[in-house]
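Before any comments, here is the structure.
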C-alpha cells in the first residue's frame, strides 16, 4: 500500500537510526541525521571544519572536494574517492571515512607533500579553490601513488581555479610523472644568474605509509540492515536488499531513488522541489552486479560511472578489438562526463532514468542496442552492452572537460559478411529533441547500400530533413545543432571508411581531437636578481605568497569561515522575477510560517538613505528573510509571493537599447587629427562590426557579509568579502543613517574579486547591515546576521563585464597603413550607471590599442537596459576597446592580402608618439616585447609549419596570431589615485603593517611586506599584516585598476622613510574630455603574445597548442607573483574571448547561473606549450622600486588565441572559395567557429532550413 502525505508526516515524527562515520580518523555518531543536510554543511557548521569550501553547491567547481573512503566487501579492498561535499547527503555516509584537507596536514604540525608542493610552487593565489585541488590530488595518490599525466588531468577535471591559470598546479603535481617539461627560467644569452621560481629539492617525498589509517572498525563485516534517518521534512531509507527496495517503492510510489544525489540534489536545491521520501539503493548487492556474458556485460543500476569505466577498460585490454568498439565509445563519453568527483558517485541507472535530452550516454546505449530491464518485483535492473562491429560516439560541448553537451551521438553500423553493404545501422542523437532520438528514416534509407560517397550524400541530405528543429527550440543554436548532426555523421563515415579499406588515405581528412597532452611544456622566464650583500632584501625575489601554506591546509580564514556567533541569524535575499515592473503587493504570510523565521526586511525598514521605484531587472533585491539557519531563510525567501504590474519595454540587449534610444548620459567622444581628410586621402575604406559578450567574474568565493551590532552608540562591525572597505563603510553608514565613524569594515582576505567586489559587494553588505540594525533597534535583540550568497544568487544579482558592440569605418593605404578611423562603441550598463562611465572612457582610451592612427575619432554610448548593473572586471573596458581595434586591423590585413603580423607591426606606435588623448609615450617597450616574443615563439618557423599542416588537412586547420597590448595605469577617476599606510613597531622588534589595499589572491600583502622589509632593512618574518580595516587606514580607494602595489607600496615606503602616517597620491594626473588634454595615465604597461590553435572545421572545437607571452612589468617586485598574474589574466581573457557566454531570455532572465551552464576555462584549456617571459632591463621610474602594474594588462593578450582561431577559419573558408574580411563575434565559441567555416554541410542545412 502507499502512504498519504499525512501518514508520511507521521513517519517523520518517529526516531531514526544513528548515523556512524569517521571524519579525519575521529568517530562521529550522529543521532539526528538530517537528510536535507549535505556533508559540506555538516562539516562547516557542526564540526567547525571550514577548510572545505562552498563554491557552487552543484558539484561544478570542486572547491568542496574531499576524500570518502569505504571498505568494499566484494573486492576485499578499501576504495578512496574524491567527492563533492556540497552534493553528498550526510545520510549517505554511514560506515564511511571522510578525510578533509585539515586531516592530511597543517602549518602548525606537518604539511602533506601535496600541500607543500602546491604552496611552494606558487599554485595558489586567492586560495579558495586550493583545498579542493589538494584533496583531488590527494585522493588520486591514495588510489594510485604513481599517476600518469592522463590520470592527473582526469583527477582535476572537476576542479576550477579562476586565479592561477592552472600552469603551476599542473607543473608541480606532474613533476613526479615527468609529464611536464619545465625549461630553464633564464636563457643562455643572459649574463644574469639563473634563478628558479622554486626549489624542487626542498620538497618532502611522498610516503604512502604515513597516510591516515582507514578505521579498522569499518572493515568488520556487518550484516546489512535497513537504515532510516528522519528529518524535518524528509525520510531517508537505505534498504539492504532488492526485495526491500521493491516493497518500499510500492509503499512510497513517489519516492526518489538516490545514489550519488547528482540530479535529485540539484532539483531540491535549485528547483525548489521537495521529495518527502528518499530511497538510497547504493549498497544493494543485486544493483551492484557486474557480470560478463556471451553477449556483453551486465551492469547493475547502482554501479557508479567510475566503476563502469574501470570494468570497460579491463575488458578492452582483454578482448579483441572488434568486440570492444561499444566499450571504447562509452569510455570516450565517460572521459568527458562531468568531473571525476561526479563520476565517482553518479550511477548508471540514474543517468539513464533522468532521460536528459542531452545525455552523454543514452545515445550510445541506444545506438548499441543495449537492453534495459526495468523491474517492479522479481527482476533485475540491468544494462547489457552488446558488441558492435563499427561504432563511434560523439559529444560536442562548449568546453571539452566537465560540460553539458550541445549535441551527442552514437552511431553503429553492421555490414553484410565480407562486403561494405549496410546490413543494419543505428544513428542516435541527444540534443535534437526532448529525449534521445534515433534517426530512423535515415537509417532505413541506408540499408542495403554500399558504404561510399553516394551513401554519404544521401545520408547527409536525409539527416538535414529528419533532424529538424524549430527556430525557437530550447537551447537555441538551431543552425549549429542541425549542422552538427551531419558533421558528426561525416566523421563516422570517414572513420568506418578507413577501417574498411585499411589504408591511410582518409587520415588526412579525419579530425582527431585530443585535449589530453602527453607532455606540457612550461617556460617561466624572468630577470634574476644579482647576488648581493643584503640577504634581507627580498624585493625582486620569487618568494611564496605569505598565505600559501594556509591556503593549502585550509587554515586560511575567509569571511564565511569566521566561527558562528552564539545567537547568529542567517539572511536570504528575496529578488524580483520580473525585469521591469511595479510591485503591487508582497505577501510574506507563508514565509513567516517557515520554522525559524525571525523577520522579513524590506525598504520600509531602512533607517537612512534609500531610493525606491519599480524593479528594473530580474534579480533586483526586493527584501530579505532573516532566520535561524540558512536552509530556513532560503526556504522562506522562496515562499514570499510578489504581485507585479509589468512595464514595457523590457530592454535586454544593446540592439534593444539602440532601437529604443535608451542611453545614460553623457555621451563621450574623442578626436585627434582630421578624420574627414584622412578618409579622403586613403586608398580604401572598409566598414565593420563586432560584438563582445559579457563575462561573469566567477570569483570562487561568492559575496559574503557578517554584520555584528555592537553595544554602544549604534556601532556596527562588518566582516565583508570586498575590494572596497571604505566604500562599504560609507554606504552602510548612509543606509543606517549614522556617521561613518560608527561603522567598521574588516577584510581579512577574499577568495577572488577581479573587480566584481569593487562596487557590487555593497548591495549585499548594506542589506545584511540593515537587517542586523533593524533587529537591534525594533526587536531589541542585538544578533549578528550572516549571508553568503549561493553561486546562482551571486550571478543573478551582481552583474559582470559589460558587453560591447562596436562599428567602425577604416581608411587605409594599399600597403596596409591605416590612415583614418571612426569607431562608435556601445556598452551594456544594465539598470544603473555604477562604474559604467569610467569603463566606457577607458574603452575609448584604448580604442587604438598599440597602433598610431593619425586621424582618429571615437564615440561612446552607455546603454540603459533591464539587466543587473554591470560593473568592474579585470581590464575595466580596456579589453573591449582593444578587441574592436584588433578586429579592424584584421580586416585591413585580409583586405590587403597581407600577413596580419606585418600590418600590425607597420602601424605600431614608436617612442615619443602621441595617443588619441594627446599623451606622449615615453619608455615605450612594446617593440622590445614584440621582437622577444617573435624569437621566444619561433614565429617564422611556426608559421611555416602551420601553413604546411593546413595544406595537408582539409577538416582541421591551424592558425597563428601575434597581438600586442598597451594598457594605461591609473584610475581614470583622478581622486582615487591615493593610498595610506600605518606601521606599528613593537618593543620586541616585530612590525605590524596596515595599508589601504585588500588581499584577493594577487599577493598584495606579500608585496607590501617585501617593500617594508627592504625599506626597514629587516627580514620579512618580522613583519605581519593581519587585515584591512577602516579603523586603521581610512578613506581608502578600492583595490582595483592594477595600481594597488604602486599606490600602497609608495605609501608604505614614504611612511617608513618619514616615520609618520602618510597618504600618497599619484602626481600630475588629470584628463579633460572637453579639451582632449591632460595626462590620463601615470604610465603604460606593455605586452605581446603569440598563440597557435587548431580548429575542428566540422564541429567548431579548438585546441590551444602554443602561447608565448612577453610582458613588461618593469623591475618585478616578485616574479613568482607577477608570472602568476600574467598566466591567470591570460586564462581569464581566454575565457572571455573563446568560451564564456552569458545567456539571457528575451525577458531578461539569466540562464547561465552556475558552473553547470556557465563555463570558465578548466585545466584542459591551457596551451599545451606555454612560455611566459618578463621583459628584462625595463625599469619604470614612476612606480615603487621601478616596478609596473601587472593585474589587468595581460588579460587582453588572450586575444591572440581569438585571432589565431580567426586565422584558421580564414584558411578553411578559402577552401570553400570564400576570401576577404568576415565578422566573427566574441567569444569564438564552437558554434561561431563552425558556422564561420562555411562548407557543403552548412549549405545543406541552410537549404533545408531556408536560411
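Using the three backbone atoms N, Cα and C, a Cβ is placed for every residue, glycine included.
Here TrEMBL flags 1192 as active site, proton acceptor. Feature annotation from TrEMBL assigns [2Fe-2S] cluster 1 binding site to 56, 61, 64, 86. TrEMBL lists 126, 129, 161, 163 with the feature [2Fe-2S] cluster 2 binding site. The feature FAD binding site is assigned by TrEMBL to 257, 258, 259, 260, 261, 262, 263, 264, 337, 360, 395. The feature substrate binding site is assigned by TrEMBL to 758, 842, 876, 972. What TrEMBL records for 17-104 is domain '2Fe-2S ferredoxin-type'. As annotated by TrEMBL, domain 'FAD-binding PCMH-type' applies to 229-417.
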Inset, instruction - Whole-number Å only: compute the distance from the Cα of residue 758 (substrate binding site) to the Cα of residue 337 (FAD binding site). - result: 36
Inset, instruction - Compute the mean position of the Cβ atoms of 758, 842, 876, 972, which form the recorded substrate site, and then list in sequence order the other residues of that chain whose Cβ is within 8 Å of it. - result: 755, 835, 838, 839, 841, 872, 877, 878, 971, 973, 1040, 1041
Inset, instruction - Provide, as an integer number of angstrom, the distance between the C-alpha atoms of residue 395 (FAD binding site) and residue 61 ([2Fe-2S] cluster 1 binding site). - result: 21
Legend entry - Residue from 56, 161, 257 whose C-alpha is spatially nearest that of residue 972 (substrate binding site), among the binding-site residues: 161
Inset, instruction - Have a look at the binding-site residues 61, 86, 257, 259, 337 and say which one has the shortest Cα distance to residue 129 ([2Fe-2S] cluster 2 binding site). - result: 61
Inset, instruction - Just give the helix, strand and coil counts over the domain '2Fe-2S ferredoxin-type' (17-104), going by DSSP. - result: 15 helix, 31 strand, 42 coil
Inset, instruction - Out of 61, 86, 257, 261, point to the one nearest residue 161 ([2Fe-2S] cluster 2 binding site) in space (Cα versus Cα); all of them are binding-site residues in the record. - result: 61
Inset, instruction - For the domain '2Fe-2S ferredoxin-type' (17-104), provide the mean pLDDT of the predicted model. - result: 95
Legend entry - Residue among recorded positions 86, 126, 842, 1192 with Cα closest to the Cα of residue 259 (FAD binding site): 86
Inset, instruction - Using a 10 Å cut-off, grab the number of neighbouring Cβ atoms around the Cβ of residue 86 ([2Fe-2S] cluster 1 binding site), all chains included. - result: 28
Legend entry - binding-site residues listed as 337, 876, least Cβ neighbours within 10 Å: 337
Legend entry - Alpha-carbon spacing, residue 337 (FAD binding site) to residue 61 ([2Fe-2S] cluster 1 binding site), which is rounded to whole Å: 14
Inset, instruction - Measuring CB to CB from residue 126 ([2Fe-2S] cluster 2 binding site), give everything in the same chain under 8 Å that is also at least six residues away in sequence. - result: 162, 163, 551, 699, 700, 701, 749, 750, 751, 752, 1000, 1001
Legend entry - Shell of the [2Fe-2S] cluster 1 site beyond 56, 61, 64, 86, same chain only (C-beta within 8 angstroms of their C-beta centre): 40, 53, 54, 55, 57, 58, 59, 60, 62, 63, 84, 85, 87, 132, 791, 1155
